[in-house]
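Here it is: the structure, laid out below.
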């Protein structure tokens with residue numbers, strides 16, 4: 001059993017962090033916190049607007065601050081942005097303050113899930129598939145390094161992925177409220 005004050009979901013965009021995260025939070029009576037939403041709330045601007053005015057570096061600065069603020073709490077299910085793992089300080093904080101679940105997804109599934117999503121600044125290019133392959137090549141080793149457990153979400157609906165995680169978490173994450 002691995003004790004940790006929070007449950008933290010990591011993984012690329014389109015893996016299901018928000019959808020599965022909300023379900024898991026409800027199942028285990030945890031507060032659901034989406035770091036991207038915390039960034040928007042603190043900045044008073046959408047993520048595409050932050051990217052437009054401050055670039056990716058400015059966005060990552062907002063992300064660092066929001067993640068640090070969020071992870072001061074406990075009893076939360078925290079859904080991170082796909083790039084949160086790029087910052088070494090974020091990785092250290094995530095490892096220290098949570099039991100980490102890596103939701104893995106193939107590029108093909110990402111393309112299908114994100115086909116109509118226009119709110120992803122990194123995907124506002126005609127070569128979306130290549131962008132996703134490049135992001136995966138760079139980020140996957142970081143996700144793996146942090147993960148306490150990993151679930152491939154490709155074959156599952158959000159409900160099925162949640163059910164699989166409930167069983168895994170009940171035996172691997174030391175929380176009194178995780179008894180199935």
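Keep in mind that glycine also has a Cβ here, set from the backbone N, Cα and C atoms.
Just lifted these from Swiss-Prot, have a look:
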BINDING   14, 15, 16, 17, 18, 19, 120  ATP binding site
BINDING   18  Mg(2+) binding site
BINDING   36, 60, 82, 139  substrate binding site
Could you give the maximum C-alpha to C-alpha distance in Å for the residues 36, 60, 82, 139 that bind substrate per the record?
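Max Cα-Cα spread across the substrate binders: 18 Å.
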Give the sequence-ordered set of same-chain residues, not counting 36, 60, 82, 139, with Cβ within 8 Å of the centre of the Cβ atoms defining the substrate site.
13, 63, 80, 81, 83, 84, 85, 86
Validating a neighbour-count step here. Other CB atoms within 10 A of the CB of residue 15 (ATP binding site): how many?
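For residue 15 (ATP binding site), the count of other Cβ atoms within 10 Å is 26.
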Between residue 16 (ATP binding site) and residue 82 (substrate binding site), what C-alpha distance do you get in Å?
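Residue 16 (ATP binding site) and residue 82 (substrate binding site) have their Cα atoms 11 Å apart.
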Mind checking which of 17, 60 has the fewest other CB atoms within 10 A of its CB? They're the binding-site residues.
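Across 17, 60, these binding-site residues, the one with fewest Cβ atoms within 10 Å is 60.
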Just give me the nearest neighbour of residue 15 (ATP binding site) among the binding-site residues 36, 60, 82, 139, Cα to Cα.
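If we rank 36, 60, 82, 139 by Cα distance to residue 15 (ATP binding site), first place goes to 82.
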I'd like the number of other C-beta atoms within 10 A of the C-beta of residue 82 (substrate binding site), please.
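The Cβ of residue 82 (substrate binding site) has 21 Cβ neighbours within 10 Å.
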Which residues does residue 139 (substrate binding site) neighbour through Cβ under 8 Å, counting only same-chain ones at least six apart?
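The list for residue 139 (substrate binding site) reads 12, 82, 83, 85, 86, given in order along the sequence.
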Other than its own, how many Cβ atoms are within 10 Å of the Cβ belonging to residue 16 (ATP binding site)?
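Excluding its own Cβ, the number within 10 Å is 23.
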